[in-house]
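Here is what Swiss-Prot says about this protein:
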- 50-111: domain 'LIM zinc-binding 1' (DOMAIN)
- 112-174: domain 'LIM zinc-binding 2' (DOMAIN)
- 228-249: region 'Disordered' (REGION)
- 248-307: DNA-binding region (DNA_BIND)
- 309-346: region 'Disordered' (REGION)
- 333-346: compositional bias 'Low complexity' (COMPBIAS)
- 358-377: region 'Disordered' (REGION)
- 365-377: compositional bias 'Polar residues' (COMPBIAS)
Amino acid sequence: MLFHGIPGEHIQGIMEEMERRSKSESRLAKTVQMNGRETSMPSVSPEKPALCAGCGSKISDRYYLLAVDKQWHLRCLKCCECKLALESELTCFAKDGSIYCKEDYYRRFSVQRCARCHLGISASEMVMRARDSVYHLSCFTCTSCNKTLTTGDHFGMRENLVYCRAHFESLVQGEYHAPLNYAELAAKGGGLALPYFNGASAVQKGRPRKRKSPAMGIDINTYNSGCNENDADHLDRDQQPYPPSQKTKXMRTSFKHHQLRTMKSYFAINHNPDAKDLKQLAQKTGLTKRVLQVWFQNARAKFRRNVLRQENGGVDKADGTSLPPPSSDSGALTPPSTATTLTDLTNPSITVVTSVTSSLDSHDSGSPPQTTLTNLF
């Protein structure tokens, strides 16, 4: 029915076209079969299969890992320390046949270690350096208070331990004896005065006060109003006595005869020399201004005690001894008729004034006339 009205020439053309198509299809099928045999040849090849370096079994998975020139299952490549799977890590480290992650490798085999925690320091990590030691940023803290030290902070090191500035200073100060608390010692010992030395104290400007505090007073028991040419006078420079628990060596200054004569003679003229007079006296006697100041201070104290004894009727309050009564011819002491200069006193042929009490009226509270050293010299 289908071929009934079709001419013979057209039917022959259709048959040839169908034959040609069938040949092309058979050729394509052979090509596909050959390609299939070529691709499947490695799977049936007699080569030895790869073994996993981790578990030792054959690798039959589609994908595997290659590390340290060995094949690994994806699940078998892991750190031998922390068991971290390294299939997704960018790097891994091998040492003596063992596999390590980055953290464990630097912790165990890093060249530089933190001086505080002794763990490894990676090459990309920020560090703090102190002398020859290297620290993690989090480990660079004070040993005492754990204060984190940053760039610009002051710190100190003792036996490779880091301290902040406050604790390091307290550590250094603790190695020395604490200074004596003189106020506390004075409260316990009933008063304590600091010792002084020749020329060590500052020069007092102007005229010194006549009355000194008990702590600064200097007691002298060897002062005599007269001068013996055969003996040398000594100035005991001890201050108020120290507590019994403290033993101090007494410091004494010896005066030569001409020095003692000069000082006593000027004391008869002026009991309280000023700084300028002390300077000229120091040049004349060769003594320091401090020694001269102490001597005049003790001389004034001795002089006041003598005056008080005479005013009390010759009774010494200290020892209760009686002094000879004053002369009935005159109720007051008479001042010397002439003043003696220091230039004359240094001459042995002139009599030295032997009493300092004769220049002051016992009923007069004022001081004798002032005479400067400029006129005396």
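Using the three backbone atoms N, Cα and C, a Cβ is placed for every residue, glycine included.
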Predicted model, mean pLDDT over the domain 'LIM zinc-binding 2' (112-174):
85
Counting each residue once, how many in the domain 'LIM zinc-binding 1' (50-111) are helix, strand and coil under DSSP?
8 helix, 16 strand, 38 coil
Helix, strand, coil: count each for the residues of the domain 'LIM zinc-binding 2' (112-174), based on DSSP.
9 helix, 20 strand, 34 coil
DSSP-assigned states of the DNA-binding region (248-307) in counts, ordered helix, strand, coil:
43 helix, 3 strand, 14 coil
